[in-house]
Structure formats: C-alpha cells, structure tokens
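The next block holds one structure in the form of structure tokens; read it before the comments.
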Amino acid sequence: MMTHTLPSEQTRLVPGSDSSSRPKKRRISKRSKIIVSTVVCIGLLLVLVQLAFPSSFALRSASHKKKNVIFFVTDGMGPASLSMARSFNQHVNDLPIDDILTLDEHFIGSSRTRSSDSLVTDSAAGATAFACALKSYNGAIGVDPHHRPCGTVLEAAKLAGYLTGLVVTTRITDATPASFSSHVDYRWQEDLIATHQLGEYPLGRVVDLLMGGGRSHFYPQGEKASPYGHHGARKDGRDLIDEAQSNGWQYVGDRKNFDSLLKSHGENVTLPFLGLFADNDIPFEIDRDEKEYPSLKEQVKVALGALEKASNEDKDSNGFFLMVEGSRIDHAGHQNDPASQVREVLAFDEAFQYVLEFAENSDTETVLVSTSDHETGGLVTSRQVTASYPQYVWYPQVLANATHSGEFLKRKLVDFVHEHKGASSKIENFIKHEILEKDLGIYDYTDSDLETLIHLDDNANAIQDKLNDMVSFRAQIGWTTHGHSAVDVNIYAYANKKATWSYVLNNLQGNHENTEVGQFLENFLELNLNEVTDLIRDTKHTSDFDATEIASEVQHYDEYYHELTN
C-alpha cells in the first residue's frame with residue numbers, strides 16, 4: 001500500500017526541481033532555434049555597425065537614462081473580482097455594458113501563482129516571487145526555501161541609484177511590502193520586519209518612502225500615553241517612530257498633517273518619509289472615514305510627487321521604483337464580503353488611473369505593471385440558491401445597498417450586545433432596524449436569520465460570517481473558501497515609450513510564472529539580484545523568542561487572521 005506525505009516548507013513541489021534557483025528557460029523548439037539564430041546574427045551585425053558608428057546607436061544596458069517603475073499588487077484579486085467590480089460599477093453609475101475599468105484596457109497576460117511547497121500560495125511566497133524572482137515556501141518573507149535571505153528588486157534598485165517606495169492599505173509590515181524590504185523566516189515576525197524597513201540590517205536604509213497602516217509595530221506594547229496611538233505591539237520596548245525621526249525620517253501619522261502633503265502633491269515631503277495612518281490596517285473603503293484616513297489614490301499622489309521631485313533634484317538619480325498594493329481586496333475575499341471587495345477593487349482602479357495619467361504626462365521612461373499574488377475566496381459571480389434549476393443571474397444592487405463591511409458591523413453589534421446584555425428585545429430590534437435594514441439594506445430577512453444572529457450573542461467572527469453570507473446569498477455571489485485558490489491571475493501593463501512597450505509585451509504578454517514578473521522588473525531596471533543576495537547573507541532573519549514565545553506569536557497571528565477568515 002502506497003503512503004503519501006504532505007509536503008513541508010522544504011519539500012520541492014515538483015520532484016527534480018530546485019525552487020531556490022532562478023527558473024530555467026523554457027524548452028526551445030527547432031523553429032525557435034532558427035529564429036534565435038537569426039536574431040543573434042542580426043544582433044552581431046548591429047554591434048558591428050555600432051562600432052563603426054558609435055554615435056548612431058545606444059545599447060539598452062549602457063543608456064543610463066532615467067526610468068520609473070510603478071509595480072502594483074492587487075492582493076487576492078482574481079479575474080472574477082474584476083468582473084464583479086466592473087458590473088457593479090456599470091450598475092450603480094448607470095453605465096453602458098461596454099464601459100470597462102481602467103485596468104481592463106491594459107490587460108496583457110496572466111500569471112501562475114504556486115509557491116515552492118504548495119499549489120496554493122500565500123501572500124508572502126507570492127510577493128517573494130515578485131521581489132526575489134524565485135519560488136519560496138508559504139510564509140517566507142524575502143528568503144529562499146532554505147531560509148536564506150534573497151536580494152530583492154527594491155534593494156537592488158536602491159543600490160543602483162533609484163529612489164524607492166512602498167504604499168499599501170494594510171500594515172506596512174504585512175507580507176507584500178515586507179517581502180520587498182526585509183528578510184525573515186515567517187511573515188508573523190512583523191516587529192523584526194519593521195526594523196529592517198528602517199535600515200537595521202546589512203544594507204542599511206534602502207526604502208525612501210513607506211506609507212500605509214501598521215503603526216502598532218513601530219512603538220512599544222502597553223504605551224497608553226504614546227503620542228502615536230494606544231495599541232503598540234512591540235515587545236522589545238523600542239519606539240521605532242522616535243528612532244526614525246532621530247535618524248532623519250519625516251514622520252506623519254494623522255490626516256491633518258497628511259493633507260498638507262496632499263495639497264502640494266507631495267512636493268513638501270522630505271525623504272526618507274514614514275507615513276503610518278492606522279495602528280493596524282486602514283479600514284475598508286466602504287467603512288473608511290475620509291476625514292481620518294487617506295485613500296490609496298491620495299497616498300499614491302503624495303508618493304509620486306515626492307519621488308518625482310527628489311529624483312529631478314538629484315542629478316545622480318536613475319529614477320524610482322514604487323510598489324503600490326491594493327491590500328484589502330484580499331481581506332474582503334477572506335471574509336467572503338462582496339460589498340467590501342467591489343469597493344476595494346474600484347478604489348484600486350482609481351489609483352491605477354491616477355498613476356497612468358502621471359506616466360502619460362511624464363518625459364521619463366515609465367512602466368506600470370499590475371498583477372495579483374493570488375486569488376482569495378474562490379469567488380464566482382453566480383450562485384445556486386435553490387434546489388431547482390439555477391437562475392443565470394446575480395444582483396449588483398444588493399451590494400450597492402450595503403453601506404458597511406461585515407468587519408465593521410460585527411464590532412458594532414458586539415458593542416451593542418455588551419452594552420445591553422440581557423435586553424433581548426432591544427438587541428433584536430437593533431439587529432433588525434440598525435444592522436440589517438439601515439446598514440445592509442436587507443428587508444427580507446427571515447426568522448431563521450434573526451434567530452441565528454441573536455444566538456450568536458457576542459461571537460464576533462460568526463456574526464461577521466453570517467452577515468456577509470446574507471449579502472452574498474441575496475446577490476447570488478458564490479465563494480468556495482475563506483482562504484486562497486490556485487487560479488491564474490491577470491497581468492496588466494503600460495509603458496509611455498513605444499520601444500519600451502514592445503519590450504514589456506515581449507516579456508509579459510501571455511501566461512507566465514509569477515517569478516517571471518520579478519525577472520522582468522530585474523531586467524528592465526538592469527539590476528543584479530544575485531549580487532544583492534551576496535551582500536545580505538548575514539541578515540538576522542530568525543526570531544529571538546524561545547519555542548514557547550514563538551508558539552504564542554503564531555497563535556496571536558493566527559487569531560488575527562481568524563478575524564479575517566471567519
């Protein structure tokens with residue numbers, strides 16, 4: 001009888017392969033060999049002509065022209081997410097059926113997403129594939145399958161004379177931004193990630209601009225009187241925000257000060273810049289109080305303005321590399337919350353459109369690439385809700401009726417239950433009129449729906465799950481998981497120069513491994529990740545905690561994600 005062993009993080013997903021190496025080139029057919037030979041001959045001819053007429057030609061690698069790259073990650077956004085958001089947008093804005101999103105206009109290919117140890121990746125391995133151009137295990141942050149730090153595109157760009165930035169709507173220490181700017185064995189090591197991002201590792205500071213949430217990992221646990229907030233998470237007692245400012249970082253942590261930067265389109269930003277606008281994640285777009293939290297588009301406006309100004313003022317600058325993440329598309333997928341997800345996708349599309357207009361008006365060679373690390377939720381825009389033959393419909397208006405996320409409403413309901421413990425009629429009326437009718441626009445709730453919510457009492461995660469399912473059911477939106485799926489994800493791109501656009505298409509058009517996206521970034525910016533890898537071998541990437549403390553950290557991290565997924 002055959003036995004089967006599940007792969008561990010060190011197990012090769014494909015026997016005979018070594019995922020810690022750069023991906024091998026695809027097998028070349030006879031016809032392709034002929035084409036390659038022809039191209040080589042032409043190339044040699046061009047070199048000879050260049051030697052004879054050196055002023056007439058310039059090799060790409062010797063151009064030394066400024067380049068800007070804005071790399072977008074739509075965390076957890078699969079093809080169905082975009083389809084759902086597009087139809088929602090058409091419906092709520094009374095648009096024709098041929099009206100599409102900005103992203104739609106720039107679709108060029110798709111990406112395969114598996115990690116080194118699973119056909120279903122997580123965000124850490126997915127981002128490491130983009131950042132290091134290699135496959136690693138689920139949970140890996142800027143390290144290979146053997147837990148060795150690997151040089152990232154952002155680090156290499158900084159060392160090559162580019163300015164660098166990271167803009168997100170989750171914690172700045174979360175998996176995607178962390179994988180470009182730090183090296184740790186497991187994604188939950190967010191306190192260590194924060195120190196790397198501020199320059200406490202062999203390369204020193206390599207990030208010029210950090211913007212997003214995650215303030216809690218930058219100041220001590222239990223610091224009730226801290227000027228930065230009331231939910232510090234650091235266990236080592238360090239105040240990294242104070243340390244950063246002492247080391248020359250400009251820090252902004254509230255809307256008022258951010259608005260002064262926004263007004264000048266980032267021109268009054270001083271690099272290095274640290275903007276942390278929430279202790280944890282920035283709220284979902286559907287819940288976001290615009291008086292308190294900046295949008296992704298607003299953050300991007302400031303980031304682009306700051307990086308462009310600094311690049312123009314520095315004659316030695318080669319341009320900039322900026323990573324922008326639509327982070328919470330993923331969280332809406334984990335929570336199976338379609339009303340939140342469509343707003344997250346549309347907010348990202350607005351940010352993408354702003355950057356597109358920036359690139360179109362820039363004289364500097366500029367490339368935009370956007371893709372996802374994976375799909376989340378197993379989303380389908382159809383759902384069989386009866387035992388009879390299924391209807392071929394789904395209803396965007398149900399999502400339009402919802403004015404808050406399940407994440408927001410579970411807290412609202414739990415707070416009310418705690419305040420009115422035992423007052424069952426008050427709680428029932430609150431659920432009916434405040435939560436269901438006012439906040440979700442649901443009037444056809446059943447006795448069974450009410451009974452379930454009442455008996456869940458203060459079980460926040462179960463309340464969230466029930467509310468989101470009530471919306472999904474009525475919209476006839478289906479989900480297959482609270483986790484990730486292995487579906488291929490889309491690649492979108494733009495370049496503002498004709499020759500550059502040809503280069504983009506030659507490298508990213510069609511279907512690719514996610515590591516090939518990382519290779520494209522490396523090659524376009526003329527970087528060498530292997531050289532950077534050699535420089536960071538001594539990076540501290542393991543935890544200082546003993547086994548008991550590590551178990552506690554993992555449990556804390558799992559509990560955080562339990563809130564997202566259940």
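Placed from the backbone N, Cα and C atoms, the Cβ positions cover glycine too.
Per Swiss-Prot, the feature compositional bias 'Polar residues' maps to 1-11. Residues or ranges marked as region 'Disordered' in Swiss-Prot: 1-27. The topological domain 'Cytoplasmic' annotation in Swiss-Prot covers 1-33. Per Swiss-Prot, the feature transmembrane segment maps to 34-59. The feature Mg(2+) binding site is assigned by Swiss-Prot to Asp75, Asp174, Thr176, Glu325. Annotated Zn(2+) 2 binding site per Swiss-Prot: Asp75, Asp373, His374, in sequence order, evidence recorded as similarity to another entry. For Ser123, the entry in Swiss-Prot reads phosphoserine. According to Swiss-Prot, the feature active site, phosphoserine intermediate maps to Ser123. Annotation source Swiss-Prot lists N-linked glycosylation site at Asn268, Asn401. The feature Zn(2+) 1 binding site is assigned by Swiss-Prot to Asp330, His334, His484.
Residue density at Asp373 (Zn(2+) 2 binding site): 31 other Cβ atoms are found within 10 A of its Cβ, drawing on all protein chains shown. Calculated from their C-alpha atoms, the gap between Asp174 (Mg(2+) binding site) and Ser123 (phosphoserine) amounts to 9 Å. Cα of His374 (Zn(2+) 2 binding site) to Cα of His334 (Zn(2+) 1 binding site): a span of 12 Å. In sequence order, Val73, Ser123, Ala127, Val168, Thr170, Ala175, Pro177, Ser327, Asp330, Asp373 are the residues of the same chain, not among Asp75, Asp174, Thr176, Glu325, whose CB sits within 8 A of the CB centroid for the Mg(2+) site.
For Glu325 (Mg(2+) binding site), the Cβ neighbour count at a 10 Å cut-off comes to 29, with all displayed protein chains included. Long-range Cβ proximity for His484 (Zn(2+) 1 binding site), meaning a same-chain Cβ under 8 A and a gap of 6 or more residues, is found for Gly76, Val120, Thr121, Asp122, His374, Glu375, Thr376.
For the binding-site residues His334, His374, the largest tally of other C-beta atoms within 10 A is found at His374. Listed in sequence order, Ser123, Thr170, Thr176, Glu325, Gly326, Ser327, Arg328, Ile329, Asp330, Ser372, Asp373, Thr376 are the same-chain residues six or more apart from Asp75 (Mg(2+) binding site) with CB atoms under 8 A from its CB. Model confidence over the topological domain 'Cytoplasmic' (1-33) stands at 47, taken as the mean pLDDT rounded to a whole number.
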